[in-house]
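Structure first, commentary second.
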Amino acid sequence: MSTMTDIGASGALHRTRSKPWYKVLYVQVLIAIVLGVLLGWVSPHLATNPWIKALGDGFVKLIKMVIAPIIFCTVVSGIAHIQDARKVGRVGVKALLYFEVVSSFALILGLIVGNLVPVGHGLAAKPDAGAVAKYVDQASHMSSVDFFLNIIPESVVGAFAKGDILQVLLFAILFGFALMALGERGHRLRDVIDDTAHAVFGVIAIVMKAAPVGAFGAMAFTIGKYGPAALGNLIGLVALFYATAALFVFVVLGLIAKFVGFNIFRFVGYIKDELLIVLGTSSSESALPQLMEKLERLGCSKSVVGLVVPTGYSFNLDGTNIYMTLATLFIAQALGIELTFTEQVTILLVAMLTSKGASGVTGAGFVTLAGTLAAVNPALVPGMAIVFSIDKFMSEVRALTNITGNGVATVFVSWWEGELDHDRLQANLNRTIDPSDVETAITTG
């Protein structure tokens, strides 16, 4: 693969530079987002038309349609290509250790910022408990035992049908080990799975052409339904969350990136296409396949990418972690409830558990917030209605932070494993090798 990706790099780079700006995907998505905002602002009635909403929802469903097969193929392929079974366990342990440490930093950062900048004080909130009843009901059934049992699918077909990432991941790991145990007898099936992965990535390439349409519909509906007035006094929380997420990405993740040997700003620029897609859809899952492919091109080990990225979507949700602690403090402040130091430590410990597997729950961060509040102090639960109307605006930054965090985690674990191609890493981040050329070379190869 490295040979294919090296051939004709300079020629493709020239072609990319000469490509009209309006044909570049991230430019199209950015324009679509701006147009969506304008439509939602100028004509809320038109923007909230079900067909406008369907544009965004439809695009996200198209992406989610291939999430399960992508995860299955990449994880199985990654394990099957490893000759030493101990390596899989080693990579998994390193990834989980990294997730716990960095997730703890995210949770603590949310607590610190929420205490230093108490934007919830003085709101005199009057929450509507009924607005969040369904989320609390979902969260009330979530326990550590239920979470563990939910990882095990009742049937393989059911796991794929529901698109449950953790269940598909478990089956893929078991299948990968079984295929690896077959030795040479399993090589033909392994090659078929590799080819299937390439075909599914081809489907993704086709679907991605509709990304601007999906981003337009999602953004137009959001602005049209909620509008700038919906933020009201809550604009402080939104701004504070944005600033805290940026602080985490460029300082915490920036230090990790510097330790490994790359620049976080260049890395963010490298995955800008994926970030813009996530911004338009508010779903980090919508960019999962493209992120995995780009990380491989960046120089990360295929086996590490196949294990770390899917696992990170359930165990390394940095944006969701920041949101949970920050939103919990905000709700307490708005309701006039003073949380003691012990209660805040309890929030931290509980959130470390409830944040795991958030991607497998409808409502993601909002549902896990319900679980955290219910476990720490039930009196805080009705206050969820305070942030309910602006959760959509914060979900975008949650998703952006999550995908960036998982990207950095994959590079770090690849480096930790000694399987990071530093030359290719620097070449891609410095734009001496254009990502689109590598994609073309892999496809044609």
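Glycine is no exception: its Cβ is also placed from the backbone N, Cα and C atoms.
Summarising the annotation, Swiss-Prot assigns transmembrane segment to 24-44 (among others).
Per Swiss-Prot, the feature transmembrane segment maps to 62-82 (among others); the stated evidence is sequence analysis. Under 8 Å from some Cβ of the transmembrane segment (62-82) lie the Cβ atoms of residues 88, 159-160, 163, 165, 168-169, 171-173, 175-177, 179-180, 186, 190, 193-194, 196-197, 200-201, 203-204, 207, 210, 214, 281, 283, 285-289, 292, 302-307, 310, all in the same chain and six or more residues away from its ends.
Marked as transmembrane segment by Swiss-Prot: 105-125 (among others).
If you look up Swiss-Prot, you'll see 163-183 (among others) marked as transmembrane segment, on the strength of sequence analysis.
Swiss-Prot lists 201-221 (among others) with the feature transmembrane segment.
If you look up Swiss-Prot, you'll see 237-257 (among others) marked as transmembrane segment. Long-range neighbours of the transmembrane segment (237-257) within the same chain, counting only residues 6 or more positions beyond its ends whose Cβ lies under 8 Å from a Cβ of the stretch, are 102, 105-106, 109-110, 113-114, 117, 119-120, 231, 263-265, 267-268, 318-319, 322-323, 326-327, 330, 387, 390, 393-394, 397-398, 400-401, 404-405, 408, 411-412.
The transmembrane segment annotation in Swiss-Prot covers 322-342 (among others) and rests on sequence analysis.
Taken from Swiss-Prot, the feature transmembrane segment covers 370-390 (among others), and the record attributes it to sequence analysis.
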Candidate ranges 24-44, 105-125, 163-183 - greatest C-beta contact count to the transmembrane segment (201-221) (under 8 angstroms): 24-44
